[in-house]
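Q: I have a structure here, written as structure tokens, and I will follow up with some questions on it.
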């Protein structure tokens, strides 16, 4: 217990000293994660006016907020989460589990015949602190996100996902290479150096899996 207490104290100290936390508070952004996405969007020029962007596991809304800010008033931002999320201007929110057919049907009804240009996933499980538990949970969420993109992302579209480096992540990236013309691994500046997280970008969705 004492070591956990020290770890918690260290995390809190780092969190409140974090320049991206301070920036998020000053700029009214919902999470520091918005700045990870901002760097990735700019570096790879992922957004164009009028795009349709889907944000999986969107709560508390930092990524959706950043997409809407970056895209201006054009296009559509559709956020999905099993958790509640307070409303965001210019963001359509669907509350539910996208593994359930009823939720998927509602999502498809929201979109109509409009193709999805970009799928985002910053999903992560609640951490137990044990890699043997956390990594399989993370990879399961990543599989669900990839399957969602397989079904709903247009040919030529892009998929950006957070992964934890560890068991299963290399195999997952190989699967992405079968699905996308170009796959890139990124570690944005706002990502804590000690964190095992990386962001993997698939661009140019193939018409068929190789």
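Placement of Cβ uses the backbone N, Cα and C atoms for every residue, glycine included.
Quick caveat, the model's predicted, so the values are computed rather than measured.
Got these off Swiss-Prot a minute ago, pasting:
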type: ACT_SITE; residues: 162; note: active site, proton acceptor
type: BINDING; residues: 61, 63, 81, 97, 122; note: S-adenosyl-L-methionine binding site
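Help me see these features in their spatial surroundings.
A: Around residue 162 (active site, proton acceptor), the same-chain residues at least 6 positions away in sequence with a Cβ under 8 Å from its Cβ are 121, 122, 123, 124, 197, 198, 199, 200.
Secondary structure from DSSP puts residue 122 (S-adenosyl-L-methionine binding site) in coil.
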Q: Is it possible to get the count of other C-beta atoms within 10 angstroms of the C-beta of residue 63 (S-adenosyl-L-methionine binding site)?
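A: Within a 10 Å radius of the Cβ of residue 63 (S-adenosyl-L-methionine binding site) lie 30 other Cβ atoms.
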Q: Counting other CB atoms within 10 A of each CB, which of the binding-site residues 81, 97, 122 comes out lowest?
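A: So among 81, 97, 122, the binding-site residues given, the one with the fewest Cβ atoms within 10 Å is 97.
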Q: Express in Å, rounded to the nearest integer, the largest CA to CA distance found among the S-adenosyl-L-methionine-binding residues 61, 63, 81, 97, 122 named in the record.
A: 18
Q: Looking only at Cβ atoms, how many others are within 10 Å of the one on residue 61 (S-adenosyl-L-methionine binding site)?
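A: The answer is 24 other Cβ atoms.
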Q: For residue 97 (S-adenosyl-L-methionine binding site), which of the three DSSP-derived states applies: helix, strand, or coil?
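A: Where residue 97 (S-adenosyl-L-methionine binding site) sits, the three-state DSSP reduction gives coil.
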Q: According to DSSP, which of helix, strand or coil covers residue 81 (S-adenosyl-L-methionine binding site)?
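A: Once the DSSP labels are grouped into three classes, residue 81 (S-adenosyl-L-methionine binding site) ends up as strand.
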